[in-house]
Amino acid sequence: MQNKGFVSGKQFFTSEVENALNVQINNELVASYHYLSMANYFARDTVALPGATKFFFKQSEEETKHGRKLMEYVHKRGGIVKLHPIKPPQHDITTLEEALLFSQNLEKSNNNSIVELHKIASNNNDFDLTNFIEEFYLKEQIEEINMFTILCNKLRRMGPGIGEYFIDKELNELAEKDN
């Protein structure tokens, strides 16, 4: 809804691009919700993996930041953010390995969505958005996928029990990095 009598800065910002950005905002917030769910699972006194707890809380915060950055971008372009409903996570994660595999797949799915957003921007000659995606999203997604792949393989190599202990320590270090 446009406010009558006010000037909009909207230029070269198609409704297709705006809709795709709103979908990606939702994807980022859904990912945040999944990480929040995992953090709370690992925080249980019957699970007691403090490194995983801290790490997945940080992942949740990162995904929320990604969503907010996209929201700010939509506003700068003169668009309207339309938030979609977020369903509660429906996963039954009971091990650190399951959480790492789920996270890897979540990041792959998010990467696919970002690549699709980039294609839509390219097809609409939205060069500002393609540059924005390349600068802030694509490289980071590949790094996230790689990180979860390596963590999962390390855990499999060490095995359950002691492997979870060492990966929990590594997750704690990763969570404290850049703080």
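The backbone N, Cα and C atoms fix where each Cβ goes, glycine too.
In the record from TrEMBL, residues GLU63, HIS66, GLU107, GLN141 bind Fe cation; the candidate from GLU28, GLU173, GLU176 listed for the same site is GLU28.
If you draw a 10 Å sphere around the CB of GLU107 (Fe cation binding site), it holds 23 other CB atoms from the protein chains shown.
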